[in-house]
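Student: Dumping the structure here so I can ask a few things about it.
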Amino acid sequence: MRDYDEVTAFLGEWGPFQRLIFFLLSASIIPNGFNGMSVVFLAATPEHRCRVPDTANLSSAWRNHSIPLRLQDGREVPHSCRRYRLAAIANFSALGLEPGRDLDLEQLEQESCLDGWEFSQDIYLSTIVTEWNLVCEDDWKAPLTVSLFFVGVLVGSFISGQLSDRDWRMLLLALTVPGVLCAALWWFIPESPRWLISQGRFEEAEVIIRRAAKINGIVAPSTIFDSSELQDLSSKKQQSHSILDLLQTRNIRMVTVMSIILWMTISVGYFGLSLDTPNLHGDVYVNCFLSAVVEVPAYVLAWLLLQHLPRRYSMATALFLGGSVLLFMQLVPPDLYYLATVLVMVGKFGITAAFSMVYVYTAELYPTVVRNMGVGVSSTASRLGSILSPYFVYLGAYDRFLPYILMGSLTILTAILTLFLPESFGTPLPDTIDQMLRVKGIKYRQTPSHTRMLKDGEESSKVLKSTAL
């Protein structure tokens with residue numbers, strides 16, 4: 001049978017039909033961003049300190065000194081999880097002793113926040129952290145909630161919780177409802193004709209192709225598929241494929257393993273930097289705005305790179321850029337926090353560019369018969385990376401630069417791994433597993449059928465190049 005691109009060449013590359021499908025698919029992605037990044041605000045941890053009950057019999061001096069101080073970023077701040085033992089300081093207050101003058105505060109006994117916490121409302125009125133006291137000994141539960149959110153994304157389900165008129169539930173509802181509107185796109189976005197042909201559903205594919213020609217204002221040929229081709233293919237039993245086919249040959253097995261690693265580490269870097277935005281110096285809303293805005297030029301750059309340059313080198317360069325600047329974070333002096341913010345944004349820029357290109361690259365590596373499964377498995381690995389990303393951010397509680405060191409190192413190692421993937425730029429999309437491009441650096445035994453397939457691929461590539469010229 002003739003190549004699918006040859007059969008549908010009369011449609012053109014970027015007509016009204018292609019633009020319509022592109023923009024409808026793009027619109028369906030918008031609500032995902034609302035929910036994906038809403039956890040930055042839903043699970044935010046405001047400044048907090050131990051609550052000292054109003055009923056405590058303390059003088060104003062002892063009430064002001066009831067919380068011990070700790071060193072943070074070179075300055076002393078009230079401790080978030082400890083207070084001086086309330087019974088002891090109440091006794092000192094009753095005796096008329098003054099803190100710091102009659103008693104050395106550093107020698108006083110401390111206790112945990114037995115009466116709860118007081119949370120600052122300068123930025124957030126309410127979050128899941130303030131409502132359920134997910135701080136101190138329970139601070140590990142906050143990143144767990146984020147991980148569980150991405151587990152929900154992984155299984156593709158959404159379970160709505162109890163709704164009420166209180167600041168964070170309504171926010172979650174408002175961000176979720178627009179996604180329901182995307183269900184209408186079911187009637188406007190057709191199935192892929194290429195995939196239908198691979199499944200032997202030629203009549204359905206022809207209907208879609210003729211509809212595309214009509215929308216593009218093009219008169220379709222009277223015969224799109226030759227009857228001899230249809231009869232020949234229909235006589236053959238259509239081979240069914242499963243997820244096990246992603247491990248069928250050594251080549252596709254290597255592509256699958258490398259794609260899983262690639263998607264997982266890119267996802268850790270992307271979501272890790274996004275979720276870490278509130279921990280940067282400055283206004284949290286400005287930082288989140290900058291983190292979102294920096295993605296726009298990243299997508300534009302990715303589009304240009306995909307149009308004109310090889311995939312492997314484009315991906316590797318973007319990942320090297322993102323990983324290198326994150327490793328430089330530990331060298332930035334504490335007082336140059338604006339420089340630290342710039343480096344984080346540059347890192348987000350590089351990783352976002354790589355994240356947008358990996359969708360196209362992965363789809364080009366897999367053949368038509370298992371392309372959806374290949375991209376699906378890779379996307380699942382991405383979800384696993386997003387599940388792990390909150391705990392990369394959580395490590396910042398022990399060392400502020402540890403998350404950047406880990407994410408930067410993983411990103412650079414992934415950039416090196418990308419260089420071993422096959423190059424798909426300027427080559428026809430493979431339709432069968434045997435037509436897949438080979439992973440670099442691995443020796444293969446070529447059978448006569450493989451040799452013929454490679455020669456046919458080279459000849460078809462030459463024909464495409466000469467046609468383009």
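Glycine is treated like the rest: Cβ placed from N, Cα and C.
Per TrEMBL, the features are:
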- 20-44: transmembrane segment (TRANSMEM)
- 144-164: transmembrane segment (TRANSMEM)
- 170-189: transmembrane segment (TRANSMEM)
- 252-272: transmembrane segment (TRANSMEM)
- 284-306: transmembrane segment (TRANSMEM)
- 313-331: transmembrane segment (TRANSMEM)
- 337-361: transmembrane segment (TRANSMEM)
- 373-395: transmembrane segment (TRANSMEM)
- 401-421: transmembrane segment (TRANSMEM)
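Show me how these features fit into the structure around them.
Tutor: Here the transmembrane segment (284-306) has Cβ contacts under 8 Å with residues 37, 40-41, 44, 123, 273-274, 277-278, 314, 318, 341, 345, 348-350, 352-354, 356-357, 360 of the same chain, all six or more residues outside its ends.
Residues 266, 269, 301-302, 305-306, 340, 343-344, 346-351, 353-354, 357-358, 361, 401, 404-405, 407-412, 414-416, 418-419 of the same chain lie 6+ residues outside the transmembrane segment (313-331) yet bring a C-beta within less than 8 angstroms of a C-beta in it.
Sequence-distant contacts of the transmembrane segment (373-395) (same chain, six or more residues past either end, CB-CB distance under 8 Å): 139-140, 142-144, 146-147, 150-151, 153-154, 241-243, 245-246, 255-256, 259-268, 270-272, 275-276, 279, 358-359, 362-363, 365-366, 402-403, 406-407.
Counting same-chain residues at least six beyond the ends of the transmembrane segment (401-421), those with a Cβ under 8 angstroms from any Cβ of the stretch are 255, 258, 261-262, 265-266, 268-269, 272-273, 276, 311-313, 315-317, 319-320, 322-327, 329-330, 344, 347, 350-351, 361, 365, 392-393, 395, 439-441.
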